[in-house]
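Colleague: Handing you a structure now.
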């Protein structure tokens, strides 16, 4: 068994692992990265964020082609199969792997491909694909192994008609009808993707409102858009059993209803990838969802072992995971780059997309905060009229006395980009965080960014 010595060993090369490894390396530490694949990037690059967003982009282009009257002059609407669209999206994965591989090489981070597990608190055994075991000894170790779809034991995921959000990328045909169980972020994103391909979608939600953490007006807008695009949303439903057939699948619900479709996509929760880490060898224990507990410095109960990303739970976003990894390494090397990551914008890549940051109306009402609302509807924006993306709105919540911006909520094209302007103002200290910034600033014209000016005037005009 070969033995290698490092200052820091990072388990997992997804966003959290990459952020941790890069920050530790730039602080002068000798760093090793361990990943179970033969390529870096983690589930984010290979099965999650990158392929699903590339898929979405391709589907959005198809929708634009099929709905734009200008293109009718050159032909009829075109139909694309899911495998064809996926093949186009997969090209992005190889480009991401190449970019990320170069980051590790440039920063002198050694990458080991194999399954890593703790031998003790300062050493990790890596079982390579050829069976060779290598031992990495380190002063500090960061767990950033990510997560995978939660799979209930009573569902046969080996059935050819039953998929989760990882295996759906191996779907070799375009179903006429698809059941999606779980209406969280992933479920809603895939509902948009498949409905955009003309698939009838049954979206089963075990709550009474889609994405209930969102501002209710935004959630309602998404619900309306789904119902207008061949997505049947069924609220307050729980599965009883899933019956796989040769020609389809039947979802039996506890309410007594039955739904039949060509395939079922399970999108109900995720599990941390901790079961093969040998946590028992260092006295750590994951919770029922495979997640480990950390403090605000991202340190576990074992003083030299840290955690970041999906494996520690909330918010389970790639954007947050990268910053958590950087912060875990910053805390570890004490280079001033540590911060507890909690001011995270939400980005949901439905069609149209959704993004928000800060408080929503329900939260402010419950807290008895005297707030006011300003809105800008995209249908009135010149840039939206030019692009044809006229569905959507920007909503600003602000304190009616101090004018402090308390929340920004956006539904529509480029929402995940638009929200960052509001995020920047909300992060300003004291009186610099004010809705007046948007009326005292000149925006390029025509842009979607000027929706902030329109929404700010709308809100300020409500004051008396």
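Note: Cβ is positioned from N, Cα and C throughout, glycine not excepted.
Found this in Swiss-Prot, in case it helps:
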type    : residues                               : note
BINDING : 35, 36, 37, 38, 39, 40, 41, 42, 43, 44 : FAD binding site
Colleague: Taking the Cβ of residue 35 (FAD binding site) as reference, which residues of that chain separated by at least 6 in sequence fall under 8 Å from it?
Modeller: 12, 13, 17, 42, 111, 112, 113
Colleague: I need the least crowded one of these binding-site residues (39, 41, 43), counting other C-beta atoms within 10 angstroms of each C-beta.
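Modeller: If we count Cβ atoms within 10 Å for the binding-site residues 39, 41, 43, the smallest count is at 39.
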Colleague: Would you mind pulling the DSSP three-state label for residue 35 (FAD binding site)?
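Modeller: In three-state terms, residue 35 (FAD binding site) counts as strand.
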Colleague: For residue 37 (FAD binding site), which residues in the same chain are close in space, meaning a Cβ under 8 Å from its Cβ, but six or more apart along the sequence?
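Modeller: Long-range Cβ contacts: 13, 46, 113.
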